[in-house]
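Chemist: Take a look at the following structure, please.
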Amino acid sequence: MVGEASLCSGFPRLKHEGVWKLAMIQNYEWSLKASDFVCRLLGCGSSGSAIVSQHRVRAPAWWISSACFHNKPAFRDCVTHMDALSASTVKIRCSDSVRLVNGADRCSGRLEVRSEQSWSSVCAKDFDQRDAEVVCREVGCAPPLALEGAPYGEVGAPMGATESHCEGQESGLRDCRRSALERSICPAGEAAALTCSDGLRLGGGTSRCQGVLEMENRGQWRPVADLDFVWDQSWTATVCGRLGCGVAVVTVVTDDADVRPVWWVKGGCVRPDAGLRECLTPFFPLSAADLLTPPTITLLDGVSGASEQGPPGAQVLLGSAFSIRCSAPPQYPGGLFLLSREGVQGYSRLAENHSAIFPFPPADRSHQGSYTCILHLHLSEHNFSATSKPLSVSVGGEPVLDEL
């Protein structure tokens, strides 16, 4: 890997046909499973994160397909010569200090720590719950479920020379305080093994086995969205099994990932014998809630341009001119504002300096209602939108008379 000080972080390069080139991926194919594959090849720990950036190719590169990683024995076997109009580079951060080995999935197994160029086990009695919280976080998993001893052949496991003392909030095991250990072998069956949770739950239902599928990642709970649009009842059964629930009865897939933050997974990656977390994709999320700060909506009076807000919303004097302003933070240039009332879009204006003003004629009762601003933007070859909170406008008071 190149571009970082650590050998376990950076942009992967691939030697193929005797030539080293940057590895480029075809759009929407990368997952944590693919990152783990690369990390293992480099002798590093699990992938804690991956950042994917999408752009036109401007340098020699080998095109690879991450979809083949769980079937092919070598990285070079995933090279494809298919042309593409655009592609993405992936920046991977593998753990260079800890890894979980011989587990059921990427979030479980015997704990090994790295000292210089060698990996060694940790004795279970030298490893506690706060240490486990740090390790699970470092390898990109949810909080720990279980700590136990793990078998290591017929002899004791070789140990590292230091013991970690974590507070539980550190980002990695190397950030924890350490002390020296006198012994170098952990007795057979007493090497620390760790199971981190899937970080899955069903929210908003009447029981823990009913509701919207949510995942905890990077400290945030979000609904799960399928990037492949292939989710079916068999994958629901896999999730139910991981949650300790019964047989999957019904699956309802909704298309609302553009209105709230979600965690994207590749549905085609899900298998009964693996966790859903390894199918997370780090792609630039196609979610307006992740990209855009919702616009604000403000009522301006027609005389001073001042904001006229009053409980429970905004009030306009009968017969007075007024305006509604839609504005957004300066995140991205351009954009189009739509002003809607009671859910019906009525007016549109191009954004100027990240705002647009919609003037109204002298107010009458027909102008009363709930107004919202909708910001539309075109970014990275995709359309996004974000909606403001509603503004309730009432019209009242004595009519405004023109001066003679």
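The backbone N, Cα and C atoms fix where each Cβ goes, glycine too.
Predicted automatically and left uncurated, TrEMBL annotations should be read as such.
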Chemist: Consult TrEMBL and report which candidate among CYS166, CYS196 shares a disulfide bond with CYS176.
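Modeler: Of the candidates CYS166, CYS196, the one TrEMBL pairs with CYS176 is CYS166.
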Chemist: Going by Cα-Cα distance, which of the disulfide-bonded residues (CYS78, CYS166, CYS176) sits nearest to CYS269 (disulfide bond)?
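Modeler: Sorting the disulfide-bonded residues by distance from CYS269 (disulfide bond), the top entry is CYS78.
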Chemist: Please list, for the domain 'SRCR' (98-197), how many residues fall into helix, strand and coil according to DSSP.
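Modeler: DSSP composition of the domain 'SRCR' (98-197): 16 helix, 45 strand, 39 coil.
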Chemist: Compute the C-alpha separation of CYS78 (disulfide bond) from CYS176 (disulfide bond), stating it in Å without decimals.
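Modeler: Roughly 38 Å, rounded to the nearest whole number.
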Chemist: What's the CA to CA span in angstrom from CYS279 (disulfide bond) over to CYS166 (disulfide bond)?
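Modeler: Cα-Cα distance, CYS279 (disulfide bond) to CYS166 (disulfide bond): 29 Å.
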Chemist: Can you give the mean pLDDT for the domain 'SRCR' (98-197), rounded to a whole number?
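Modeler: Here the predicted model's pLDDT, averaged over the domain 'SRCR' (98-197), is 80.
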